[in-house]
Ligand SMILES: *[C@@H]1O[C@H](CO)[C@@H](O)[C@H](O)[C@H]1NC(C)=O
């Protein structure tokens, strides 16, 4: 587990946070964009679906030039460059990163589809309401992720980062609720406030002071690590209580860390569509589903422990 966490941590340290990329500095790219933009005043308006997704003649020039230069590079076997921190993906229906959008939506659906299972299986178990909140937060997070990958703007980026952070934090919160078997409102309220305060400070800092990518990543890494530790403790407790599936949180966390590890291999997208980031989103789809199965199974098992005589 610490291996998983440590791995995650090293990985985060190794990821470059560069938002101007080698492609932006290419003379051919700069010339292309400049030349294209000069024609923007007399150019005919963009297709309706592009305008709907807030493409402008200028941003379309940027896209067209990325694609043109990339196609030329590929034709002669030259390496593909990144532009503005991203690979030059093929745009589909005005969607910037179609693969990441599809995978984000599927992740969101995994949360949504768990609603019934959580609602119907846990009757009065205290974990039930927290899992319902998890469904709402998870769905919101992946909705924001989909929107961000449809069109990358400062606002959609913030929504994506802030919701992702609350998701990471909420996993930690759920773990704490589980470890201490918090079943009264007062106790959970204290933990919730203890989590909410740093979150509010985090969001305020990023939105009011400085949108600092390095710091944001560190903050998520630290909370992610803490969450790994808490779920490790859940596993150990479950092992001591001879829960037959005590190992599941460990497996899920290691799988999540490994999936995140895909991000480190920042390879040029295959089929001009699937990059490491989209694969990380793809990998979490089954993991989300397995988390819910585990969380519900675990809560049921816990309820069963409470009153073994009644079975
Ligand atoms: C991209 O290439 C196509 C075909 O070669 C050309 O018609 C178009 O003008 C180019 N676009 C830009 C923005 O240079």
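Any Cβ shown, glycine's included, is placed from N, Cα and C.
According to TrEMBL, the features are:
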- 1-20: signal peptide (SIGNAL)
- 89-109: transmembrane segment (TRANSMEM)
- 130-150: transmembrane segment (TRANSMEM)
- 162-180: transmembrane segment (TRANSMEM)
- 189-208: transmembrane segment (TRANSMEM)
- 214-234: transmembrane segment (TRANSMEM)
- 246-265: transmembrane segment (TRANSMEM)
Within-chain partners of the transmembrane segment (89-109) [C-beta distance under 8 Å, separation at least 6 from its ends]: 49-50, 52-53, 55, 63, 67, 138-139, 141-143, 145-146, 149-152, 269, 271-275, 277-278, 281-282, 284-285, 288
Under 8 angstroms, Cβ to Cβ: which one of 162-180, 189-208, 246-265 has the largest number of such pairs with the transmembrane segment (130-150)? 162-180
So if I exclude everything within five residues of the ends of the transmembrane segment (162-180), which remaining residues of that chain have a CB under 8 angstroms from its CBs? That is, six or more out. 126-127, 130-131, 133-134, 137-138, 140-141, 144-145, 187-188, 191-192, 195, 199, 202-203, 206-207, 216, 219-220, 223-224, 226-227, 230-231, 233-234, 237, 295, 298
